Amino acid sequence: MAAVALLRGAAVGRRSPAWHWRLSGTASHCLARGFGLLGSNPADGVAWTCFRLDGRALVRVRGPDAAPFLLGLSTNELPLSGPPTGAAQPSARAAYAHFLNVQGRTLYDVILYGLPECTEGAPSFLLECDSSVLGALQKHLSMYKIRRKVTVEPSPELHVWAVLPCVPQTSETAPLEERVEGTTMLIRDPRTARMGWRLLTQDDGPALVPRGQLGDLQDYHKYRYQQGIPEGVCDLPPGMALPLESNLVFMNGVSFTKGCYIGQELTARTHHTGVIRKRLFPVKLEGPLPASGVSPGAIVTVTATGQAAGKFRAGQGHVGLALLRSETIKGPLHIKTSESQLVAVTAVVPDWWPTAAK
């Protein structure tokens, strides 16, 4: 039944803008589940681990036409921009989305941030992207700018941090509150509560987070893979990955009620047919690995039949992501490495995915 349910695109609603500023006990517990690799002894006083993501970069898009311009290119609604109002919570200032090519395949995965600054009524947004495609994303945006009153420019002065809890929160844990002030933004990750918070700042991340410590970037990527979160061009190869196979719906990254955008036709048609035969699954690798790791694109094989189940996409150590046919995920799988070694593969369905996908 689980495999059958995974064939259908489970709909996930966008989060309500009426999120609470302070983490609730339930959300805190959800954030910390599965964080064994980030665990810290509570006695040492550390509550949060901060990871500086030098592999992520920021592009600023501003101007009177910034909002309609971005709406016509991205898969999702835009986050709020402009000065805070009593009706809007800072949580609504971040949104996850993909930019697609005309064939409907993913070019860039981005987190959009609506900035509080607003000059003469002109909104301003920051787009977080893989740093290796910073120039390509700017070129992509400029290509569609035409005569719109929009300025596209990098923001190298700001750094992106991921902030994750070390252990489940208790009444003694220092809670985080969302901040949108000056050059600092501390916002809940819009993809899933499991990914904690995003921090944009010119300053040192741990210094801004109560009881924060600097984390090892490899731990961040291992945890991200365990949760099934693709991020960047290694996980989402430009022009190859399909947004719904990449679980864009599960990560709150697409709106099926917004206006038209580049690449919409294939995404909308797939959604309305309700059948997604392949998905990007988190996988565990068992057995000795080659010194260079498993190669991206390595064929994942159904052990019992020898048929191809899909392809390994990317990973860190013994965890990673693989694009697999949903009906094959329960059976024993393996990868034959370039050194002719067999590596056992176990596909995992994350427990934060919608019930219909389990």
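Backbone N, Cα and C atoms are what each Cβ position is placed from, and that goes for glycine too.
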Subject >> Per Swiss-Prot, the candidate from K145, K278, K311 carrying the annotation N6-succinyllysine >> reply: K311
Subject >> Where Swiss-Prot places N6-acetyllysine when the choices are K222, K258, K284 >> reply: K222
Original post:
Given the modified residues K222, K311, which one's Cβ is surrounded by the fewest other Cβ atoms within 10 Å?
Top reply: K311
